[in-house]
Amino acid sequence: MAPPLPSSTFDTITSNSDASCPFCHIAITYPPFSPLSPPPSSSPVVSPTLTSPSPQTFVVLSTPLLIAFLDIMPLSPGHLLLCPRSHAPKLTDASASEARELGYYLRILSGAVARATGVKDWNVVQNNGMAAAQVVEHMHFHVIPRPGLRAKERFTSTMFGRGQREELDDEEGEELAGRIRECVAEVLKEEGGRERKGKL
């Protein structure tokens, strides 16, 4: 028996989009798939080139309400973004159902990223508005693996998800996204087992 998923219908999308928003473009381009049986990296459903001529997109989760993908300028390997498919500039613009699903999948994605990267510490960061350092005006959470503080880094920079960024390598992005998709499925299956044991 599969664990309960917040969005159990993976063949429909309800989306309100903004044509100028890069995250809306990604949400429209990539269809939902079941996180319990994710497509392999070779599947056209998750092909990073679907967003051409824009930068390639490496999708790790795609439900009818949410989409998660690797950051193209990561602070560390595995740095990903999770956002609603519908255009919502700030957290307060997300619907109640989107907020519930965001909360559910933040925990699942955190576990999957830790497993896929081998890094057991991470930040979850969410900014609202330009003054709060929001760059793309489409509400999103960052999940940022933190392999360890470097001597020259300040603690507050790490705590608030700042630091030196490097461009994501396409080959590394494709391989890492596939690994995270597999880890999401593993974590969800384990969650289902724990829930069943708790009911006994």
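Glycine residues also receive a Cβ, built from the backbone N, Cα and C atoms like all the rest.
Keep in mind the model is a prediction, meaning the values are calculated, not measured.
Within the listed segments 98-102, 123-127, 138-142, TrEMBL records motif 'Histidine triad motif' for the stretch 138-142. Non-local contacts of H140 (active site, tele-AMP-histidine intermediate) by the CB criterion (under 8 A, 6+ apart in sequence, same chain) comprise F23, L81, L82, C83, Q126.
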